[in-house]
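A.B. asks: I grabbed these lines from Swiss-Prot:
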- ASN13, LEU15, GLY40, GLU61, ASP85, ASN104: S-adenosyl-L-methionine binding site (BINDING)
Amino acid sequence: MSKHIPRKRFGQNFLQDASVIAGIVHAVNPQPDDIVIEIGPGLGAITKPLLARLKHLHVVEIDRDIIERLKAEHPADKLTIHAGDALAFDFASVSEAPLKIVGNLPYNISTPLLFHLASYGNRVTDMHFMLQKEVIERMVAEPSTADYGRLTVMLQYRFYMENILFVPPEAFWPPPKVDSAVVRMIPAPGRCGTARDEALLEKLVSQAFAQRRKTLRNNLKGLADAADLEALGIDPGLRPENLPVEDFVRLANHLHDKGARG
């Protein structure tokens with residue numbers, strides 16, 4: 001087959017470093033009967049070693065040229081190809097059994113894709129993703145740091161996350177202009193409390209971080225007032241990045257009990 005030309009509109013940077021590939025597969029630790037879904041298999045850097053360990057693998061791919069290449073290289077009884085956009089894909093449709101999801105995620109859609117994947121937290125055992133290093137730093141950030149934000153709160157509410165591997169630009173072809181890393185995400189329901197209305201929690205967090213430099217008192221106007229915050233022992237003069245995930249959950253539940261809905 002002719003050499004595939006990476007397509008910028010799909011955010012294609014193909015992994016080619018053998019030690020990084022081995023590190024990712026080791027982290028995923030696939031067992032023969034696992035139901036594994038790979039997002040964006042590309043030229044098969046992770047696909048091939050996964051297939052060597054699995055009875056069957058599912059992949060989600062949007063690029064028609066890559067789909068044809070995958071069909072030519074792998075038998076259908078080993079590889080199921082789901083053609084389409086991962087942002088719109090129903091991962092739960094693959095199997096009723098627990099899922100493992102892995103992928104070198106396109107950096108140009110990483111944040112919306114992470115929010116989409118987070119909705120499957122109750123269907124997965126773990127997820128491992130290659131992402132822009134700065135995105136992973138936001139995912140695992142601590143309160144009162146510049147990286148702590150909406151993405152942090154909503155993902156840490158659902159998952160335990162760990163930055164497990166640094167990946168330099170030269171590990172890819174073509175090399176991206178940024179450093180990359182690999183994150184492990186393990187569902188951890190209830191680790192930061194349980195929201196009675198997750199849509200309300202999402203609304204609260206989104207509004208709180210709408211203007212990072214403003215205080216909670218200002219950002220939450222129309223949703224929560226100073227009295228709501230003070231009732232929970234939260235200083236209305238704090239900025240949103242100062243508030244731990246647990247306090248966002250407590251505030252969402254307080255507002256829910258007063259009749260607010262997402």
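Keep in mind that glycine also has a Cβ here, set from the backbone N, Cα and C atoms.
Source: prediction; values computed, not measured.
Burial and contacts for the listed features, if you can.
C.D. replies: The DSSP secondary structure for GLY40 (S-adenosyl-L-methionine binding site) is coil. In sequence order, VAL60, GLU61, ILE62, ALA86, GLY103, ASN104, LEU105, PRO106 make up the list of same-chain residues 6 or more apart from GLY40 (S-adenosyl-L-methionine binding site) whose Cβ falls under 8 Å from its Cβ.
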A.B. asks: With every protein chain in view, what's the tally of Cβ atoms within 10 Å of the Cβ of GLU61 (S-adenosyl-L-methionine binding site), excluding that atom itself?
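C.D. replies: There are 23 of them.
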